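All remarks here apply to the structure that follows.
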Amino acid sequence: MSASAPAAEGEGTPTQPASEKEPEMPGPREESEEEEDEDDEEEEEEEKEKSLIVEGKREKKKVERLTMQVSSLQREPFTIAQGKGQKLCEIERIHFFLSKKKTDELRNLHKLLYNRPGTVSSLKKNVGQFSGFPFEKGSVQYKKKEEMLKKFRNAMLKSICEVLDLERSGVNSELVKRILNFLMHPKPSGKPLPKSKKTCSKGSKKERNSSGMARKAKRTKCPEILSDESSSDEDEKKNKEESSDDEDKESEEEPPKKTAKREKPKQKATSKSKKSVKSANVKKADSSTTKKNQNSSKKESESEDSSDDEPLIKKLKKPPTDEELKETIKKLLASANLEEVTMKQICKKVYENYPTYDLTERKDFIKTTVKELIS
């Protein structure tokens, strides 16, 4: 019974292979999850496609600029400190050299004195008003000025020395010390004012012109004498040729001996007459040359006598000196109204006082003296 029971059980429940089992069907939840995943993938693909398509213009990046907020520096008002020495405009030689220099050449000197380049209108005036540095030797400011001067070239230092009436010889360090020592306590050198070269050159030109004229006159006189001598030589040659031609003719036309004896005295007479004519021509030429030489010498002596006869006052006439000009300017300024009179009018009046001389070259001196007298 026990054996039959399992058999019966086997018959009742038929066995199936594992492969033949039916696949399990997915539930509703799993299907919904799959659909959501597919939708997400589609959205990602669409976004990628959109990113590839460029729509419109590209936005430019804005340039970020740095804005420096600089605080406006207020310049200190320009003041000229009173120094221990004399003002540069009061020293005659320095005032003279300042008037000769251009404003561009004085910029470095102005910067050295006042730590600023200065304007064109007030540059020379400010340099002239300088009377010395207010600080003492060996201070911090003194060292700064020394460093500033060391940066200048030798040519610039020498031009500053020229303006300040100092020696221009020496090395860079010597020039720097010389300039600083003077600027600490400016004082006059005691040398006289340099003479203007224009007046000297004018006189030398006149002398050269007069000597040149005399040389030209001598050269023109010499050819005249030579021409006279050459003309006399030509006359002599012509006479010689004529005599030689006559002699040839005589030799060709020789008659018989009898006639020759009779004609000989006639030929001698003709030759003698020709010789006398030659001598007369030579004497005339010599006399003409001597007469011309005498006339030229007479003219020269007359011109010398006429120059000697001139009064000595004419020979000794010279242009007015600086002192004379200064006195005339003083008189003109004393009689003139300074509020109405211009510099041009004063210059014209000075020229009128000396009409025989050309004083246009001394115009600068007249102007400087007027300014000195007014100040």
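Placement of Cβ uses the backbone N, Cα and C atoms for every residue, glycine included.
Checking Ser122, Ser131, Ser139, Ser169 against Swiss-Prot for the annotation phosphoserine singles out Ser122. From the options 117-121, 217-221, 327-331, 367-371, the stretch Swiss-Prot describes as DNA-binding region is 367-371.
Checking Ser251, Ser297 against Swiss-Prot for the annotation phosphoserine singles out Ser251. When Ser173, Ser211, Ser230, Ser273 are looked up in Swiss-Prot, the one carrying the note phosphoserine is Ser230; the rest have no such note there, which does not rule it out for them.
Residues Ser71, Ser99, Ser227, Ser276 are shown; Swiss-Prot lists phosphoserine for one of them, Ser227. In Swiss-Prot, the feature ADP-ribosylserine is assigned, of Ser279, Ser335, to Ser279; the remaining candidates carry no such note in the record. Taken through DSSP, the domain 'DEK-C' (319-375) splits into 40 helix, 0 strand, 17 coil.
Mean predicted confidence for the DNA-binding region (367-371): the pLDDT average there is 87.
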